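What follows is one structure encoded as structure tokens, with my remarks underneath.
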Amino acid sequence: MSNLFSKIYPTASLSSFGVNHQNLHSNSSTIRCCSNDEYSTGTEHNGYVLSSFPEKNLVPYQHGLVKPPRPKRIILVRHGQSEGNVDENVYTRVADPKVRLTEKGVEEAEESGRKMREMIEKDGGDDWKVYFYVSPYKRGIETLRNLAKSFDRSRIAGVREEPRLREQDFGNFQDREQMKIEKAVRARYGRFFYRFPNGESAADVYDRITGFRETLRSDIDIGRFQPPGQQSPNMNLVIVSHGLTLRVFLMRWYKWTVEQFEGLHNMTNGGMIIMERGYGGRYCLSMHHTREELQKFGMTDEMLIDQEWQKIAKPGELNYDCLITGPSYFTHFDDDDDEDKKFEL
């Protein structure tokens with residue numbers, strides 16, 4: 001054990017990682033950490049949250065290991081205008097993953113990159129970087145490549161092509177008239193649950209986005225975006241994807257209901273929605289966007305109230321008074337309260 005450790009960490013000792021030599025048993029594969037070590041209890045130290053899981057603490061700090069800082073923001077970008085946005089007949093002769101950007105779409109992607117860099121530079125940090133997650137669809141890759149023109153190579157921490165960020169699968173649409181029929185049926189049935197023949201529903205997208213969200217949370221927890229010891233709180237994560245996929249991502253992240261999802265509007269091509277780290281460390285939409293912007297996106301008063309809570313809450317906290325998932329489901333509470341008051345009188 002110690003020999004393997006020394007090969008991985010040649011300048012460190014087991015004690016510097018909070019491991020008690022007396023608790024290493026030759027007949028056990030379990031490493032028991034010191035119970036009185038404050039750096040392994042999930043406490044906060046100098047503004048950093050220390051994880052209770054040693055393998056997630058990558059940065060040495062004094063006698064313990066500090067959990068990497070959370071990225072400054074998560075930026076959601078819809079691809080620029082595509083050939084399919086201009087003429088849906090394109091889908092009858094070109095496979096959806098191969099549909100490209102128009103000239104206008106390229107310009108929208110470039111403008112998105114300029115706005116993104118301007119926003120990041122206003123933070124004032126000199127060590128900022130961007131890390132990209134991108135849909136493998138052609139219009140997603142082309143959007144990434146054109147918006148990235150605004151960033152020097154030294155500012156790009158990395159990129160990951162992520163198939164779970166692909167567009168909703170609309171099935172095999174070679175028949176234009178059949179496409180119109182299916183979309184009309186979806187409008188009556190509901191945009192979230194209707195599944196296209198040989199394709200997906202928004203509910204199916206929700207399932208794969210749930211998996212991606214867990215990957216993203218893990219990446220954030222262990223600071224995969226930069227080497228250990230070089231993590232900066234000025235990291236910006238950028239997700240380049242598609243309109244419905246990004247709305248589903250927000251729905252899953254903030255636990256919005258199906259009804260609330262169906263009230264949302266699509267982002268414009270090349271448009272951005274910013275999830276920025278709030279005062280408590282959680283990602284919040286109202287840190288960047290105005291109330292009017294979020295209402296235009298389709299967010300209700302209840303969703304906006306929850307965003308105000310997100311602005312000050314810490315990671316891991318639960319909003320017990322959330323109007324989205326709590327009291328809105330029960331209509332009898334007020335009546336019961338009135339009855340109780342009668343008995344009190």
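In case you wondered, yes, glycine gets a Cβ from its N, Cα and C as well.
Note that the structure is predicted; figures quoted are calculated from it, not measured.
Sequence annotations record features per position, and here TrEMBL assigns substrate binding site to Arg78, His79, Gly80, Gln81, Ser82, Glu83, Gly84, Asn85, Arg139. The Cβ of His79 (active site, tele-phosphohistidine intermediate) lies under 8 Å from the Cβ of Leu101, Gly105, Ala109, Ser135, Tyr137, Arg139, Gly140, Glu142, Thr143, Val240, Ser241, His242, Asn269, Gly270, each of which sits 6+ residues away along the same chain.
What TrEMBL records for His79 is active site, tele-phosphohistidine intermediate.
If you look up TrEMBL, you'll see Glu167 marked as active site, proton donor/acceptor. Long-range Cβ proximity for Glu167 (active site, proton donor/acceptor), meaning a same-chain Cβ under 8 A and a gap of 6 or more residues, is found for Asp96, Ser135, Tyr137, Ser241, His242, Leu244, Thr245.
Residue pairs drawn from Arg78, His79, Gly80, Gln81, Ser82, Glu83, Gly84, Asn85, Arg139, the listed substrate binders, are separated by up to 15 Å at the Cα level. Packing around Gly80 (substrate binding site) is summarised by its Cβ count: 29 other Cβ atoms lie within 10 angstroms of its Cβ, all protein chains included. Within 10 Å of the C-beta atom of Arg139 (substrate binding site) sit 29 other C-beta atoms, taking all shown protein chains into account. Other Cβ atoms within 10 Å of the Cβ of Ser82 (substrate binding site), summed over all protein chains shown, number 25.
Each residue in Val99, Leu101, Thr102, Gly105, Thr143, Asn269 lies on the same chain as Arg78, His79, Gly80, Gln81, Ser82, Glu83, Gly84, Asn85, Arg139 and has a C-beta within 8 Å of the C-beta centroid of that substrate site, without being one of the site residues.
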